[in-house]
Amino acid sequence: MEQVPSFLTSPNLVQLVSSLTLHCPPIAKMRSKDRISYFYDGDVGSVYFGPNHPMKPHRLCMTHHLVLSYELHNKMEIYRPHKAYPVELAQFHSADYVEFLHRITPDTQYLFSHELAKYNLGEDCPVFENLFEFCQIYAGGTIDAARRLNNQVCDIAINWAGGLHHAKKCEASGFCYINDLVLGILELLKHHPRVLYIDIDVHHGDGVEEAFYFTDRVMTVSFHKYGDMFFPGTGDVKEIGEREGKFYAINVPLKDGIDDTSFNRLFKTIISKVVETYLPGAIVLQCGADSLAGDRLGCFNLSIDGHAECVRFVKKFNLPLLVTGGGGYTKENVARCWTVETGVLLDTELPNEIPDNEYIKYFAPECALRIPSGHIENLNSKSYISTIKMQVLENLRSIQHAPSVQMQEVPPDFYIPDFDEDEQNPDERIDQHTRDKQIQRDDEYYEGDNDNDHMDVG
Amino acid sequence: MAGWSKLADGSVVDCVKRVPEQEILKSNGFEVDPLPKDFEPESEEIRRWFYQFLRVFLKEICGRENLGNLLPPMLGDAQTVDLFKLFLVVRERGGYKAVSKNGLWELVAKESGLESCRSSSVKLVYFRYLDVLERWLERVADDRANLKSKSSDISSSLSEYLMELGAEFKGVLSNSKEKVKEYLHLEESNCLLNTEGDLYLSRNDVVMAVDSDEESMKVDSTNSHVDNSDVANLYDVENKRSSSRKRKPDSMWKMLGWVIGIGKDPCDPLVGSLPEKGKWKSYGNDNLWKQVLSYREAVFSKRHADSNAEQLGWQKIQKMHPSMYDDHIGSGYNLRERGKLVSGDTTTQSRDCPRALSFGAQNDSDKRGVKNHEQKELLQTTYSVFDYEVEKQIPIGPAFQVEIPEWTGLPYENDTKWLGTRVWPLEKVEHRILIERDRIGKGRQDSCGCQFQDSFECVRFHIAEKRYKLKIELGSAFHNWKIDKMGEEAALSWTEEEQKNFETIVRLNSPSADKRLWNVIFKCYPTKSREELLSYYFNVYHLRRRAHQNRFTPDDVDSEDDEELESGLATKGFMHETMESTSSIFHSPNKKHKKSR
């Protein structure tokens, strides 16, 4: 054989290599290039909620168009989602509700005033032409996205049409009819023992939280405006889940005008702790753009960069990632934001000058991609934010203590496993669960435990 | 109040020196003595109870709040009058009228332990404090007389009677629940509202009057329930309704006696130990403790429901206050605010109420403004006493949570169906033409080389150029994504006239006037599909409007598209007051966004 070059055997090199391995925990095992699946259906362009309704699916066309004009389509695969079947929607929603959505049309709705009230259709969630088709498209997109992740044919899946996080099992709410996020998470749960849901919409992700309130297989984390009767009214830091799901719902209630710096710091602290503690198999990220400055309904001061920074941070965990849209009612800003975030997920920095395109006039006169942060007074004092943070972290600690949850031994400081840890311990964990359930009825059991916990901690 | 009249009657009997208990039973028809065997009119607890009752009575029924706080009254020489004793004495002599007629006030004063020269003061005191009570009791007693014949039969069997009491008690509970419903739905009905409202006050008041020790709280809530049913009965009497509920207070009286017993000596072996809540069901309703506890439960859950509903009503008003939000988009917003309770039963009930409330509020928010102010105060006092969870709760139950299959440890088999249809990159190369491609993610060039940069023609040229490139590059995807229908291209199939008409129609039918606009548009363009019209609306109409704004009022561009705001801006910055808008949309505290830049 050829002679080994002398520099390869030099002790320096050995040292170098070993130090490299030492300093590069599995997190550094970067995928050379993420495979991205992006979902879009041109039919959303003709969906119209009606005059004066702030939800405008047309923003999806604008987003897609902006993505194309930056030529981002050449870095990813674009799919047209299948239209989800009623039976798929009924995985979460009650069959009668799905059936009703399927059947109702603007012309016949006056015959069903009782049902409309029952399912909370009408004012915020109007019945419009193609309503059901619209639901099928966006729900189908999220379901397909989850399935592609499950099949490991992509690493990141994007469905800007999805993210309708308010929809409840048996009723519509807050412009949301079908909760595609819940359906997507259910799909992911077929392959992952634990799924993490993160929500940066300005509104509380109540539909998702509610659906998974009793389970520890999904952890929901929502950052949102809370108080002043802001919709939907839930999302206090004290809502932490119940039964098996106790401590598996995290709420970060914020006040008006939070800015990039404090939001990002808070987001990173909490999310890194969550990932470290919970070790999810996959992450679902709802990127509602109504948390941007200048949103028609929102009240935060986030710039597009601040918003996108959250996406960048979550991407770094290198876990299967499903990204959806959500709220967002100033539609050019929505298009800007989601285009930038598509770029972030594709590791592509986008120039600020928007290229010419059909919709350029919507972005005129500056035609700039990034919007600056807003100037609403920031009502989140430092002490308020730190109180919230402490409370959330305190609750997270309870997970490590709760005997019923039995995670594998707590990994050392900020260690994000890249191997499939899911396969290793979950069985045990679940077994433990089943046993617990057989032994005792939940409430008393948990209460007792938590008391002990608190004593331990405090 | 039958219980009360029993006290009156009983005391008469008592003064006549201890008729055997059986006799009392008979004379009263159905009396079971809930009091300690060594019952004496002087006994402290009876006196205490009497005062409490009197206080509530004066305040709630007679509306003489001040009087109630001045108990016991004092005479000129700082001597206190024992109202309880006075009352019994006068009753014995046949009541106020009889005493006055026979000039017996001196005697009464003497018997009440006061100097006989004080007779006029005593008379005055009696008239002020007790006369109403006496007359009220008489009325009640009359009513009860109808019942006598029937009740004498019942008296024969004590246990039977107790059973019946239990059943009646149930009736009371369901009744009060009904009342809540009624209250929520017919909140405009003042009578009911007042009744309920007063009850709250009384309950609070009493609670605050006494210390907050839990046992005494029980006593008080029971008391106020006595009051509650009394009020109800009073209405009954006045309205000459059926007398089906006549004996209810009796059960209250017994309950009260029991509670008083506990309050006096919580360790009393007679009380024994109460079973756990889960086992309550196995005990009959004839157990006093159970009556008390169930009652307490009922009252508390009712209050919970009520306070939720009130809270909602109040929130609504607050929300609609113009100074808080400059948007005023919709009064219907509160349709979103649901009171969701934790327990299954009450959930359905309370879910309906806010709707009812908000519909009411839309019609006469002014009227409600006043009323809500009262409710708000009421609410505040309520919270000071009972510590409620007022936040919205996550509803729990199979109707809300999703069922998640247990993790088996093995992932499901890969489902290759429905992964979406790949549109891009294209399955097969459709073009052999070499496309000169810009660097991916490249922005706009600074200079384009056109003669007049940024002129209308220049912009148009570049858009068209870009579009053409995109079309060639995307091939079939171009149509798949309906880009052929994006942008001003959508106008190609429209004639000049059609376009002009469209603009006029939109302008004339300001969308603030609701959905009319689209009806008109559909009518005017019968040959065009809904999709085409919408596409034109978004891709041409709005785009042009926006372009217009960009050029002429660049500092006042309101990105917030459609319709209302824009049409306002188009007519030179006139801001619509959206007060009248009927549609309900997300509410947001900071309105009126300029395009942020």
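Including glycine, each Cβ sits where the backbone N, Cα and C put it.
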(message) Need one residue: from A:D124, A:D144, A:D290, the one TrEMBL lists with A:D201, A:H203 for divalent metal cation.
(response) A:D290
(message) Of the candidates A:G174, A:G281, A:G374, which one does TrEMBL list alongside A:D124, A:Y329 as binding substrate?
(response) A:G174
(message) Less than 8 Å, Cβ to Cβ, versus chain B; work out which of the recorded positions A:D124, A:H166, A:D201 satisfy that and list them by sequence.
(response) A:D124
(message) In whole Å, how far does the CA atom of A:D290 (divalent metal cation binding site) lie from that of A:Y329 (substrate binding site)?
(response) 6
(message) Taking only same-chain residues 6+ apart in sequence, whose CB is under 8 Å from that of A:H203 (divalent metal cation binding site), what do you get?
(response) A:H165, A:H166, A:G174, A:H224, A:K225, A:F230, A:F231, A:P232, A:G288, A:D290, A:G327
(message) Check the DSSP secondary structure of A:D290 (divalent metal cation binding site), expressed as helix, strand or coil.
(response) helix
(message) Applying a 10 Å Cβ distance cut-off over all chains shown, what neighbour count does A:H166 (active site, proton acceptor) have?
(response) 28
(request) Rounding to the nearest whole angstrom, report the longest C-alpha distance spanning A:D124, A:G174, A:Y329, listed for substrate. (result) 14
(message) I want the residues beyond A:D201, A:H203, A:D290 whose C-beta is within 8 angstroms of the mean position of the divalent metal cation site's C-beta atoms, in chain order.
(response) A:V202, A:H224, A:G288, A:S291, A:L297, A:G298, A:G326, A:G327, A:G328
(message) Are there any residues at least 6 positions away along the chain from A:Y329 (substrate binding site) with a Cβ closer than 8 Å to its Cβ? List them or say none.
(response) A:P54, A:M55, A:K56, A:D290, A:D295, A:R296, A:L297, A:G298
(request) Between the Cα atoms of A:D124 (substrate binding site) and A:D201 (divalent metal cation binding site), find the distance and write it as a whole number of Å. (result) 18
(request) Under 8 Å Cβ to Cβ from A:D201 (divalent metal cation binding site), same chain, six or more residues apart: give me those in sequence order, or none if nothing qualifies. (result) A:G163, A:H165, A:S222, A:H224, A:Q286, A:C287, A:G288, A:D290, A:S291, A:G326, A:G327
(request) Give the number of CB atoms, excluding that of A:G174 (substrate binding site) itself, located within 10 Å of its CB. (result) 24
(message) Let me check the 10 A CB neighbour count of A:D290 (divalent metal cation binding site). How many other CB atoms are there?
(response) 28
